[in-house]
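J.: Structure incoming, see below.
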Amino acid sequence: MEIHEGTVKAISILKKLWNVQGFNLGYNLGKNSGGSIPHIHEHIVPRFPNEAGFLDVLANSRIVIYEPYEMQKEWIRIWKEFS
């Protein structure tokens, strides 16, 4: 339940800060899911108009480039919303 609550909050924050209207969600869990240690994690992929499909995103067909400092500022802004 805690993961779901975090997901709902993250989606709400991204809708507010980035005006996102859709998301793809995916969980990775288990030995064959690619993790190096046993754990669960979730991917929250914000979707925007005129994007390619989810598999295209996973195949790196759409690249968004941020300078490290810009991305750090954006994560700080998002993290403050969780507080």
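A Cβ is built for glycine as well, from the same backbone N, Cα and C atoms used for every other residue.
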J.: Suppose you had to name the range TrEMBL annotates as motif 'Histidine triad motif'; which of 39-43, 49-53, 59-63, 69-73 would you pick?
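T.: Within the set 39-43, 49-53, 59-63, 69-73, TrEMBL attaches motif 'Histidine triad motif' to 39-43.
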J.: Could you give the number of helix, strand and coil residues in the motif 'Histidine triad motif' (39-43) as assigned by DSSP?
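T.: Residue counts for the motif 'Histidine triad motif' (39-43) by secondary structure: 0 helix, 4 strand, 1 coil.
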J.: When the domain 'HIT' (1-54) is classified with DSSP, how many of its residues are helical, how many are strand and how many are coil?
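T.: Once the DSSP states are binned, the domain 'HIT' (1-54) shows 21 helix, 16 strand, 17 coil.
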